[in-house]
Amino acid sequence: MSTQGSVLALGKCLACLEFMLFPVWRGIGASSSISWSQEWSRCLKWEFDSRDGGPRIPVFDYPIWFVFCRGGRARIREVYQRGRGAIRLPTDIFDIHQVPKVFREDGIISGYRHPRSSALDCILSSFQMNNETINIWTHFLPTWYFLWRFFLLGSTMDFLSDSYAWPLLVYMLLICVYPFTSCCAHIFSTMSPESRHICYFFDYGALSLYSLGCAISYGFYVMPDCWVNSWIQQHFIPIAIGNSLLCTSMSCYSRFVELQFPQRSKALRTGAFVVPFLFDTVPLFYRVLLSCWGSCSLGEALSNHCYHLLFAFLTCFLFTAHLPERLAPGRFDYFGHSHQLFHVSAVVGTHFQMEGVLADMSSRRQWLQTHGLAPSFLSTFGALVLSFVLNLGIIAVFSALLLWKPRPSCGQQHAPTCGCKEQ
Ligand SMILES: [Zn+2]
């Protein structure tokens, strides 16, 4: 039978069977009360054109999702009703004046989730359009990208017995952890005001560990030739551990003064991340300067590092400037506000940083193994475990301070832990 004949036979077979249906959902935003049940009038059967007997392909001018279901309309309707009841998709979305101050974001007017959501509602809200949805996905999907790169590297490198690869192993682990922690923080940040603070404490802790991962990889692979075996290389990782503790402490503390002194809080939090970044990047700056003064040729590794620096500055700008939503409050509530751009910029920057670290690691391997310090278990995994435990301790202290603090009355609108709605 020819291909055309097969298609026709399949089409005719489909046309005979009543249960072969293609229900169409016009998608989120097509109308305010859209649902599958209301859209049954749009169910399409695979129809045949009576003139030539060929299948008639419908044309759509809106986004659609197809569900191919054996069993027909009744079965799909039943599944829909059961699923809707079981999943309990959270549908309530609030405006800024309906949620406590602690949940409010500059320039974001609508799309807030319920400030006392259950954990299940928080997870399900990732699939519903609100002002956190893109924040969640812009760090969830990159987590999988970095994990995929990690496993690809794992299949080509001997991470366990080759000590030269240990700094890379720590770095790869942490670039998978920080977007995932951030994603979880954005998902569960609306369970209560306290949970919001604690979620972001973990987010800051993961970011400060990431800064340590950068320091460990830079300390072994990126250090300029003239600094190898110097005082700065020998003390680079211990200082980076101190920076990570400072970073977590400052950023967690900044949440306590956020409502009373927003400018001070922002400055503290920005400073908390800029300090370790600048420290980690000093060897890189020096190498770029040396390279510019010398041959003016950056090479693959330094080109990637320069792109990373560019995106790091953009990330910092987006974090502090709150653009574009500050210029047009309410316009970017769902798409395009600064925190989403900040996430994307951070991830793209991390991608270039990873490429730079990989290029340095492979191209300088022979020279570094001959002239430099060999990475030890203590200076890689030891530093990571020590910093992890100490950071966890800091988060525990700040969480305890938050939870054991006397609860303010609802009239005290500036109190950071007040969970009452300000109508
Ligand atoms: Zn975020």
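Backbone N, Cα and C define each Cβ position, glycine as well.
Summary of the site annotation: TrEMBL records Zn(2+) binding at HIS339, HIS343. Screening the candidates HIS114, HIS186, HIS197 against this entry identifies HIS186 as the one listed for that site. With a cut-off of 8 Å between CB atoms and residues at least 6 apart in sequence, the same chain places GLU105, ASN135, LEU318 near HIS339 (Zn(2+) binding site), listed in sequence order. Comparing the binding-site residues HIS186, HIS343 by how many other C-beta atoms lie within 10 angstroms of each C-beta, the top residue is HIS186.
Most Cβ pairs under 8 Å to the transmembrane segment (381-404), among the stretches 164-188, 235-256, 301-320, belong to 235-256. For the transmembrane segment (200-223), the neighbouring stretch richest in Cβ pairs under 8 Å, chosen from 164-188, 235-256, 268-289, 301-320, is 164-188. Other than the site residues HIS186, HIS339, HIS343, same-chain residues with C-beta atoms no more than 8 angstroms from the centre of those residues' C-beta atoms, the Zn(2+) site, are GLU132, ILE134, ASN135, ILE136, THR138, HIS139, SER182, GLN340, PHE342. Away from its own ends, the transmembrane segment (164-188) comes close to residues 119, 122-123, 125-126, 132, 135-137, 139-140, 142-143, 146-147, 149-150, 153, 157-158, 195, 199-200, 202-203, 205-207, 209-210, 212-214, 216-217, 219-221, 343, 347, 350, 354, 357-358, 361, 365, 368-369, 374-375, 377, 380-381, 383-384 of its chain (Cβ-Cβ under 8 Å, at least six residues beyond either end).
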